[in-house]
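J.: Structure below; questions to follow.
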């Protein structure tokens, strides 16, 4: 099938913003003006077309990123028809995984900012993510109709807080209740949108006299910025020649694609003003799939060999699965971005990460929550496949005869965990299946069974993330669940070496008795033990057993029972029932009885000898220490460091981010002090800081902490 839209006229872009900047409303207006959505959905009524999960509509925040295809010929229908693949991304810090994964497959972005709040906390996080993936972007300053709206203030903040070169393409005519339209600095005309047609119609007019001077100054800055794109243009500009409109657009486009500048538009999505002109900016300034560097990958058999794929229908097929959604009607939907080649429904492709072939059933093009079945997808397309069995987020799907593994997405480790159990026994199996499916959809959500407590532990990116998971269990899978406070995985060990313990288990009361006698020595495992080629392989589960029996004082057949008794005892330590680690036990002496000795008797004797010896060897409780990295604007650095110290954290040093916009604080903090940290850090820094943490090591817990844990235990 021939291409209906040349690839140069594709625009794959995301709509990014801080929570409440009006991103979903902006997306809705895009769908309305591009003719895809006949009735505008309002977030205020919980009816937005793009927010398609019930919870999103209730909470008024966007959780899942919905991919939508739309078409645009320009506000005045003067441009050739372009195909938009739009991804709406969430702005809440608990869902940064959604933003990351959509950025990975996009070519450009529209950054929505609030004209009142300006560069808000989450804007900085999202901006840093966009920098990481080198995503060219334009900005839309929304809510110009709101009290306190100030376009110039936001332009200044982009420079001050984000280090961006903001280039206004428009100026607002009025603000707050008096916001009437915009001045187009390219055409040097005023634009007013017609309210009766919900902004579908508009008219050009002369710039209001009181804005003429400001418009000329802003245009001069815009033209100067464009001229810096090449020496040729700069010479022309400095020589006093006028630059043509097409030259200015092309030059600004070059600089936007190089992420050197951020062109700025303004309006009020709610009042149907400005979104239309911003869409023209998407066509004029954001990249097509052929404007971005070829996608990188590696050879399936040798990951040191780099490969690339061109955005071309004739190249071998390659695509990245970037999201999986469980759909109530068709099951698992795998969203994928095609980087090269073509794919037809019914084709077999290779999942090169898993080394498995997958048959593509139906291919669906998504419009928010509605879908249309299509026969094929081409380079640059974003679509969803039905019926893939082994594909998870971040996997590459490619031609069987031309394998490649595309650069994978990195997902942060979960930072908060809690125990969850079904309210009724009958829901146990259902809950297991449901959690498995949710974990497949969302790589930042993990499920595991705690071997020590038998509890199901769910882990995610924050309290809200896990709240929504529990909520989805109820809504989508009808599983009612109770959630508990998470437990810290403490451990127990000893600090004294060569502690002797002698225990005799003897019961002789007529008939066959029981007799087992062991003498053991307890010591901590040393670095030398771990380096010893003979001993190191025998260290299992951080426990080392050494049989030093000579002369047959304990027959050989009972030695395994002695070890078994010890290994069973260390799974639940004598202090507070946590696993024992880093202990070496040497069996040095004992005795036996010809008739009454048995495996069970020696197992009991070794277990009791261990418990008694452990108590004498100065036992300590160990707590997990997490390596924490916090990225925070400098204004909050003192508060954040103070809080780290209050949490018994040890600062390891600090640094600044590459662009100098934020501080990076590294610290070691006990896990027990980290619960609720995501929420605390958010309120401390107005949501502007982010953190990651990973397990680093265990170390002895302070006496007061150990006593509190043992009381509980």
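Glycine is treated like the rest: Cβ placed from N, Cα and C.
According to Swiss-Prot, the record shows the following:
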- 17-24, 88-92, 142-145: GTP binding site (BINDING)
- 8-290: domain 'tr-type G' (DOMAIN)
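Mind mapping these onto the model and telling me what they sit next to?
T.: Proximity of residue 144 (GTP binding site) to non-local residues of its own chain (separation of 6 or more, Cβ distance below 8 Å) is seen for 115, 151, 172, 175, 179, 266, 267, 268, 273, 274, given in sequence order.
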J.: At a 10 Å cut-off from the C-beta of residue 89 (GTP binding site), count the other C-beta atoms across all protein chains.
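T.: Step by step: centre on the Cβ of residue 89 (GTP binding site), count other Cβ atoms within 10 Å, giving 26.
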J.: CB neighbours of residue 23 (GTP binding site) within 10 A?
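T.: Neighbour count, Cβ to Cβ under the 10 Å cut-off: 30.
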J.: So what's the average pLDDT for the domain 'tr-type G' (8-290)?
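T.: PLDDT averaged over the stretch: 84.
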J.: Quick one: give me the count of other CB atoms within 10 A of the CB of residue 17 (GTP binding site).
T.: 31
